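J.: Let me give you the structure first, and then I'll get to my questions.
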């Protein structure tokens, strides 16, 4: 029966409170704080820290599991129903075994999340050997464990896999894909490739939840392209996305309050399609249900709720099929098959069943799917599905397939016309077109020996270029339909206007080709979708550089979304190439980032590489690569807003533009000093000072080279400008400083304090402008500190006293402590 003729109802409503509360009927202080259910069990967490286990079918009490974890905040039963994950409200996680006798240490080895955090969501993997848990800090962690002799859970380890900004609301999983929702966004994680993608671009303020729904067509043959992701949005809206994380459409479920009042009773309700725009009641009010956690019923319907309402949605047809407000104070909901279980206030538990009228088998079990038929269907891709239908029709009269009815012929008559429609209009149409175009391309590129030469890079424009001799290419296959008297649908024509891209960008550009609609002469680019991968083009070869750049960019995007450091993944790629090749890849990666409108693309590329680069390699690479690294080092220290603000606060020479002082630190210091050391050793001083002019921290390295080379004409000025105690003491001891050096230093100090003047370290011209006084520099420029260092390195204290007396008129009264004179007299007496 068509979905528009189905009717939905809530049946078998019952209250289970009397059975559930039986174990502690005489203790009113125990309250349920959470619960979960499976085909076999109910499990309730309580404020006492204990877990209560029940049989779901008979509602009989089975066992109590005491624990020392305190109030339980979250529970989750594994798929095999042998383990229960529990999390308390103070950040501890425990794993219980339902097959062990209850004991005080039933939770095995509790894990502490650390910090002020608590578990907000659990998600088991299919084999139940791993458990994902999300907490209130926005961290998703993977718990791996094993059972030892069925006695205790050992070797539990906690590995953070995703770091987000705020609380995790819900986690769901489909094969290798992990869906994580927070209060502001939804993230799709490919756990096999360690790739992360945010679903949609607009953040939300509230519970952003996700779930996957697998539609159930009449043949029960589901392709991955039919699996959908649904994310809740503010204002009773849902985002529908595919498994690549691309938002397909938005569902609006606002309804007028007056209209909602007519659907409050618990009975069979005819589904009604909602308008795209919200309707208003006569008083102008709108009924908005805040979608929090999404539950899937048989992976076909969606269940959402608030404190007093249940809504059941058919997401494929964008309809609310059931609504009831009979229950109040709903705190927790769980779903098993078509059964819905509710935990409300005062320890009340209800059950209700979803029924579809007009459907012979609304919820078939997975076991009813014929495995041979399913496997046979999976093996037929592209043109082979057409061949299968024709062969079955001719050889078996369209009725038998491996001794059973063919699932492809159960719902439709297999005619050539219908087969061609399904192939050309369906998802295989472009595959067929690419097969023919690929063959034509090979025929045109045959070598003199007669063997076809496959292109090294994929030229998308050439692949999709129409050919008069190719019916599939001419009109995207619609010419073939026209021969059979079949009209192409408008949506098919619109879909074919857009060409597939290898690496889709936000601006509609691709890495190896540009997606242009028909009539590309207009100059407008068609925005495309961002994907994890482009499986449609997997059959074609790309250049090694382009494939590597794509991988680097995917890793980069994953690191941005997950807030994790993928240095090991970058290193695995870079280890396969020499420096010259890596530089070439980074330049291409920068171009790709710019096409995707990534701000500061050069900065991000260099940070990726500098986390991998070993400074000692700078002595062995070619000049072009070294120049690239030098420029990247400057970019890393001058691009970020905080770095620019720090540089703007520094005084600089009005004549030559060099900074008069140095910053306290810099990024990638070892790389910068290694570059400076390389150029200095080869007397390439212009390269050195070009770096110093942009990154003034390197004045410290230059000063060390001055001390090493005994450049007495530069050392005193550098030491004073940099206000570095380590450099002053090193210079005073290694040169060593004589009386004349101290005289120069005192004159620089007097010029600074009286005229706010400093000497440029590059052009030796005096420049006005007082430096900002920070605590280390202020202490360095005090007379007591300078005289203390001088007294420790000068030969005769009497000479130092004479020098001080010479500049007595320029030294403020009280600037020199009496203890200095006492020390001079004591040293002279010795």
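Yeah, the Cβs are placed from backbone N, Cα and C, and that goes for glycine too.
Quick caveat, the model's predicted, so the values are computed rather than measured.
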J.: Coiled coil per Swiss-Prot: which of the ranges 551-577, 578-604, 605-631 is that?
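T.: Matching range for coiled coil: 578-604.
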J.: Could you give the mean pLDDT over the repeat 'WD 1' (25-64), rounded to a whole number?
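T.: 90, rounded to a whole number.
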J.: Same chain, outside the repeat 'WD 1' (25-64) by at least 6, Cβ under 8 Å from its Cβ: which residues?
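T.: That would be 16, 19, 70-77, 81, 84, 86, 88, 96, 98, 102, 332, 334, 336-337, 341, 343, 347, 349.
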J.: Within the repeat 'WD 1' (25-64), count helix residues (DSSP H, G, I), strand residues (E, B) and coil residues, in that order.
T.: 0 helix, 21 strand, 19 coil
J.: With DSSP as the yardstick, break the repeat 'WD 2' (67-106) down into helix, strand and coil residue counts.
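T.: Reading the DSSP string over the repeat 'WD 2' (67-106) gives 0 helix, 18 strand, 22 coil.
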